[in-house]
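Going by TrEMBL, these are the annotated features:
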TRANSMEM  6-23  transmembrane segment
TRANSMEM  35-53  transmembrane segment
TRANSMEM  59-80  transmembrane segment
TRANSMEM  92-120  transmembrane segment
TRANSMEM  140-162  transmembrane segment
TRANSMEM  169-188  transmembrane segment
TRANSMEM  208-238  transmembrane segment
TRANSMEM  259-283  transmembrane segment
TRANSMEM  289-308  transmembrane segment
TRANSMEM  315-331  transmembrane segment
TRANSMEM  337-357  transmembrane segment
TRANSMEM  369-389  transmembrane segment
Amino acid sequence: MAVSSSLALLISIAVVLILIRKINIGLALFAGSAILAYLSFGFDGFIIMLKALANPQTIEIAVMVILAFTLGYSMEYFGLLNRVASGLSESFGAYSFLLIPLLIGLLPMPGGALISAVMLAPLAKMYKISPEKATLLNYWFRHIWVTFWPLYPNVIIGAAVVNVDYLHFASATFPIGIFAMLSGLILTKGMERRFRISGDTVDSLVNLYPIAILLVFSVFLKISLLLSLLIAIATLCVHKRAKFSDFVSIFRKTIDRKIIMLVFAVMVYKSVIETSGAAKSIFADISGFPAPLAAFLLTFLVGFATGIEMSYSSIALPLLTSFTGSGVVIAENLMIVIAAGYLGVMLSPMHLCYILTAEYFGTEIGKTYRQLLTVAMVTAVLVWVTYLVI
C-alpha cells in the first residue's frame, strides 16, 4: 500500500480510540494492528501479527499478568487484606484512609479501588470524612504504585516494549510514585493525626508476607518475575491449605478473558509498530516540537482518552522508543513518558476506579475533579523539575 508509515500509524490509532468506546480495548487494539499491518505490508502484515501472537515473550507476559491477578485475589479470598486493614485502622486512625488503599494498591485488580472503598466505608463514618474527600483519598493513593510496581500489567508490558528487565524499568519510573505520594498529602489537610504502633499492628502487617516473598525473590535475588509470582502464590496456598474448591473460586475471578486478550493485542500492536518503523517515522515528523514536550503530550492524550493504565504502555510507548531508548533506556526520558500516561489516566473521567469509587461513596466526579486536578498538576511539576535538573 502506498501509505507512509506515519499516516498508517495515525489511522490505526484513530481507529483504536474510536472503537475503544464501543468494544473492549483488546479487540480495538487488534483492529488497529490489522489496519497498520495491512497499510504497511499488505496481506503479508497479517503474517507478522500471527508470529507476534506465537512469540514466547508474548505468552510469558500473558502468564505473568494472570499470576499477578491470582496473587491479589488469593490474598483477598483468604482474608489477609481485611486483617491488614483492621490493624492499620487501630494504629493510624484517619490516616488509615491513606494506608489501606496504598496497601491494596500493591495488588492490581480491575476496579480494585472498590475493594479498598468497601474497607474504608466504616472509617469514613467514624472519622467524619466527606464523600468527596473519601473518593479522592481512596482513588489517588490506590494508584501510587502503578508506574513501577512489578505486579502491574502496564509495568510488565512497558518493560517489554522498551526491551529492558523490570529493575531497569522501575529504577527510571519509581520517582513518579514518590512525587504522587508527596502531592497526595495535600488531600490530608485537616485530618486527625494518630500514630500508635503496637504488637497488633505488626501482627496485621505480617499478612502481607506473600508480597514480601515476591519482593525478596524478584528484586533482591533477581529471580524472574514469573517464577517469583509462582513461589509467592504456592507459599500462600500451602500455608492456607488451599482446597480444590478454593482454587476454583480464585480462578473464576483471575481468568479474565478480556485482560488476556488485551495482553496479546498489546504485544501484536507493538510488534507491527516496530516492524513497520512507524515509531521512528512519526517521532521524526513531530521533531519540530521539543522532543520531551511532544512525547509528554502524546502519551498524556492517549492515557486521558482511554482511562486505562495499559493504554499508554501499549499505544504510546511503542511510538516513543527512539526517545526513551530500547534495550538501554534513557531514564529521565522514560520517566516523563510514563508520568504523562499515568497523569492522563488518573485525570480521565473514564477511569473505572474513579467512577466506581465516586459511585460507592455517593458523590459525583465533578465535585472532586478540581482537587484531583490540583494534585495531578503538583505531581507534573515535580516530574518536570526533576527532568530539567537531571
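Heads up, the Cβ atoms here are built off N, Cα and C, so glycines get one too.
Between the transmembrane segment (259-283) and the transmembrane segment (337-357) there are fewer than 3 Cβ pairs closer than 8 Å, counting only residues 6 or more apart in sequence, so the two stretches are not in contact.
Long-range Cβ contacts of the transmembrane segment (6-23) within its own chain (Cβ-Cβ under 8 Å, at least 6 residues beyond either end) map to 29, 31-33, 35-36, 39-40, 273, 276, 278-279, 281-282, 285, 302, 305-306, 315, 319. With a cut-off of 8 Å on Cβ pairs spaced 6 or more residues apart, the transmembrane segment (208-238) and the transmembrane segment (35-53) reach fewer than 3 such pairs and are scored as not touching. Residues 68-69, 71-73, 75-76, 81-82, 84-85, 127, 129, 134, 137-139, 141-146, 149, 151-153, 184, 188, 191-196, 208, 211, 256, 259, 352-354, 356-357, 360-361 of the same chain lie 6+ residues outside the transmembrane segment (92-120) yet bring a C-beta within less than 8 angstroms of a C-beta in it.
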